[in-house]
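If you look up Swiss-Prot, you'll see 1-33, 92-105, 170-200, 262-278 marked as topological domain 'Extracellular'. Sequence annotations record features per position, and here Swiss-Prot assigns N-linked glycosylation site to ASN8 based on sequence analysis. Per Swiss-Prot, transmembrane segment is recorded for 34-61, 72-91, 106-127, 145-169, 201-220, 237-261, 279-302, and the stated evidence type is sequence analysis. The annotation topological domain 'Cytoplasmic' is assigned in Swiss-Prot to 62-71, 128-144, 221-236, 303-353 on the grounds of sequence analysis. As annotated by Swiss-Prot, disulfide bond applies to CYS104-CYS181.
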Amino acid sequence: MDYTMEPNVTMTDYYPDFFTAPCDAEFLLRGSMLYLAILYCVLFVLGLLGNSLVILVLVGCKKLRSITDIYLLNLAASDLLFVLSIPFQTHNLLDQWVFGTAMCKVVSGLYYIGFFSSMFFITLMSVDRYLAIVHAVYAIKVRTASVGTALSLTVWLAAVTATIPLMVFYQVASEDGMLQCFQFYEEQSLRWKLFTHFEINALGLLLPFAILLFCYVRILQQLRGCLNHNRTRAIKLVLTVVIVSLLFWVPFNVALFLTSLHDLHILDGCATRQRLALAIHVTEVISFTHCCVNPVIYAFIGEKFKKHLMDVFQKSCSHIFLYLGRQMPVGALERQLSSNQRSSHSSTLDDIL
């Protein structure tokens, strides 16, 4: 197909509205709002079900009382907070904001508390793995439920503290005749905008991944000389943790960092602004997906957790049959008893994430 223009005809003649109007970074996204909303709904349902199921199993099974289980429970709770903000963001995509300024700040708070606490708990779990494998003797003293609870409370406090500067700038304002909930910075507040962007980059990526890298390099060095089945599974899972976290969070942080460079006029131009706006939305959707994948990575892969999940499922089925006045099939009952016995034998083993 020939895209050559006629002589003496400019791009403005072909696209007068685009070149005469101010640079609009959002126009590229308006046609995709409905698709984004559908995707957000799918992520909400999957994230709500997955993380709720993790919490149900961890709270419902009395055998899950290790420090790892405490971190898993808090990680699922942080992802659930993140998930609860999605319906409001979906509504904000399709229609104007009708929930008021206070709710605008609350929803943004849920989003960022979920974001920061999730990254912090991933980091804390990595440090816990590092202690358990590299410093096994010392870990016996510190890897207790009370220490895990205290550290979890500290993580939540740190996440709330990191969120407060971001919440301050969220407000409801009119955009194209519609009320929207978004971060609003006056021109003299550019330094605050850059501060919040760099805060997300530093606390949401650079610091956690520096700790992750150190922990997992030391873990792999420690495990290199003893590759039995459990050790091999631990190495694979460690690599999965690092790679998946990078895949989901690095793109968004890079796009946010480049946006900061554009605000500093290091990067400039209308086309650059439009590409960055599109990149922020696309990478944000990718990062949203992480709240659905976490239950798979940190829970469903674990053999111990899968056994307890099956126990919960079988017990639920037995209660349903009992409520209906029927008995469970003999084969299912035998499988349940066998599963309980295997679970009791394996409960003394330390669970590998």
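Cβ atoms here come from the backbone N, Cα and C positions, even for glycine.
Between the transmembrane segment (237-261) and the stretches 34-61, 106-127, 145-169, 201-220, the greatest number of Cβ pairs separated by less than 8 Å involves 201-220. Note: CYS104 (disulfide bond) has non-local neighbours TRP97, TYR170, GLN171, VAL172, CYS181, i.e. same-chain residues 6+ apart with C-beta under 8 A of its own C-beta. Of the candidate ranges 34-61, 106-127, 145-169, 106-127 contributes the most Cβ pairs within a distance under 8 Å of the transmembrane segment (201-220). Sequence-remote contacts of a segment are chain residues at least 6 beyond its ends whose Cβ falls under 8 Å from one of its Cβ atoms, and for the topological domain 'Extracellular' (92-105) they are 33-34, 36-37, 40, 167, 170-172, 178-181. Outside the transmembrane segment (34-61), and at least 6 residues removed from its termini, the chain residues within Cβ reach (under 8 Å) are 69, 72-73, 76-77, 79-80, 82-83, 86-87, 89-90, 93-94, 281, 285, 288-289, 291-292, 294-296, 299, 305, 308-309, 311-312. Classification of CYS104 (disulfide bond) by DSSP places it within a helix.
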